[in-house]
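Notes for the one structure printed next.
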Amino acid sequence: MNKNSSNTMALAPNTSNKRETVCIFGTGDFGRALGHKMIQCGYPVVYGSRSTQISNLIPKDAEVLGHAEAAQKAAIIIIAIQRQHYNFLTPLAEVLRGKVLVDISNNLKLNQYPESNAEYLAQLLPGSKVVKAFNTVSAWALQSGTLDASRQVFVCGDDVEAKQMVMNIVRALGLTPLDKGSLLAAQEIENYPLQLFPMWKFPIFLSLGLTAFFFLYCLALDIIYTYIYENNNFSFFIAITIPNRVCPVMALILLALVYLPGIFAAIIQLYRGTKYRRFPDWLDKWMLCRKQLGLVALAFASLHVVFTLVTPMRAFVSWRTGKGIISQALNNKTEPLNHTNAWISDSYLALGILGYFLFVLLGITSLPSVSNNVNWREFRFVQSKLGYLALILCTAHTLVYGGKWFLSPSAYKWYLPNIYILSLIVPCAVLVVKFVLIFPCVDKPLTKIRQGWERNPKYSE
């Protein structure tokens, strides 16, 4: 009775300024890092270990005891060991009865076991209150002061009071707890650290595929065709010329793909006459990764800027410029300035500079540290209104630069269009459909649907 009574008292909310003692089973990297962080935040820490000898690796203010003796000193016990070693806890079942056990383990692969590690721990010790937490934080992040990307801690458990105690510790450590519900969510939480950029897979694979396609396309038209039919070896174009053609094309297409799912969503809602039906899975996933698509597009645009800036330093450009000067000198003839070409050149450069400026602005406002300081209307204005303006400017930049090739027969090598013509298909289609959607006859019913109006109310059931 006394033991159970003491455990119950320990579970009561701590109203004093003194922190409650926390026990940690395990003296590995994470157990030591977590204990050190807790001591810094004012928590008395006791380690439960097979060896009670003090090691230089253990935080100096921590106490090291045997597992049973350490568990009796705390109501919260952090299990910082791997799942395959959980069996040693079974003989401690009576000592751990009523205690809060925090499972922080991860696996080597997704869904490695039928049940989560936390659920398995709860099955071994049914008298304890198991909470899943801290598995998304690394020992390095704790030691280095917890970077922003590592601050969020997912927490789940069946006992509300025990879960709240763990969340209080998370907050005290300067981290942000996120309640994921019952222990059934533990497997999802354990899978999270094993996912390698889950929201980046589609943008990266799409970018790699399109980049390879456009690179080979330019290789065929600019090097292979020229070598076969003109007997000119321009293989050095692979280093800068072709990348500087692929990068702006990729940036423009990916930027258009950021806004294309919104166009599809509007058309689907107009067709259905309601907003209370789910979009197709492919569209849902597409819309969720728009931020990543935009950032990849910004990376390609930045590469295009760098490649363009180094162009005057290229040997080929110096040779071509020198050849033109020598030709004019030998012919004793100076070619007058072509004002039309001057206007075209300055226009597409100005459009490119303005488009890139807005592109960077979109990237900056997508950062959490910036987006958290603006309200929803401001964020939507930047990402939607200025985003479409950036798409317009970048499309116009490409149109002005490559417009001279649209009607030129020499641009269609092997009857294939120039790469700049291909790059304009998606953005022009997006802008044309968006222009139609802002007509009052289309925009008003779409706005009503998004405000809750339904053409056929049965879909809301």
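Backbone N, Cα and C atoms are what each Cβ position is placed from, and that goes for glycine too.
Noted in TrEMBL for the protein shown:
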{"type": "DOMAIN", "residues": "21-107", "note": "domain 'Pyrroline-5-carboxylate reductase catalytic N-terminal'"}
{"type": "TRANSMEM", "residues": "204-229", "note": "transmembrane segment"}
{"type": "TRANSMEM", "residues": "249-271", "note": "transmembrane segment"}
{"type": "DOMAIN", "residues": "249-394", "note": "domain 'Ferric oxidoreductase'"}
{"type": "TRANSMEM", "residues": "292-310", "note": "transmembrane segment"}
{"type": "TRANSMEM", "residues": "347-365", "note": "transmembrane segment"}
{"type": "TRANSMEM", "residues": "386-407", "note": "transmembrane segment"}
{"type": "TRANSMEM", "residues": "419-442", "note": "transmembrane segment"}
Tertiary contacts of the transmembrane segment (249-271), as residues 6+ beyond its ends and Cβ separation under 8 Å: 203, 206-207, 210-211, 214, 279, 283, 286-287, 290, 293-294, 296-298, 300-301, 304, 359, 387-388, 390-391, 394-395, 398, 419-420, 422-424, 426-427, 429-430, 433-434, 437, 442, 445-446, 449-450
Chain residues in Cβ proximity to the transmembrane segment (347-365) (below 8 Å; excluding those fewer than six residues from its ends, i.e. six or more beyond): 251, 255, 294-295, 297-298, 301, 305, 371, 374, 379, 382-383, 386-387, 389-390, 393-394, 396-397, 400-401
Same-chain residue ranges lying at least 6 outside the transmembrane segment (204-229) that approach it to Cβ under 8 Å: 197, 235, 237-238, 241-243, 245-246, 249-250, 253-254, 257, 293, 296, 300, 413-414, 416, 418-419, 422
Tertiary contacts of the transmembrane segment (292-310) (same chain, 6+ residues out, Cβ under 8 Å): 199-200, 202-204, 206-207, 240, 243-244, 247-248, 250-252, 254-255, 257-258, 356, 359-360, 362-363, 366, 394
Cβ contacts under 8 Å made by the transmembrane segment (386-407) with residues that lie 6+ beyond its boundaries: 248, 251-252, 255-256, 258-259, 301, 344, 347-348, 351-352, 354-356, 358-359, 361-362, 418, 420-421, 423-424, 427-428, 430-431, 434
The domain 'Pyrroline-5-carboxylate reductase catalytic N-terminal' (21-107) - residue tally per DSSP class, helix then strand then coil: 27 helix, 19 strand, 41 coil
Mean predicted confidence [pLDDT] for the domain 'Pyrroline-5-carboxylate reductase catalytic N-terminal' (21-107): 89
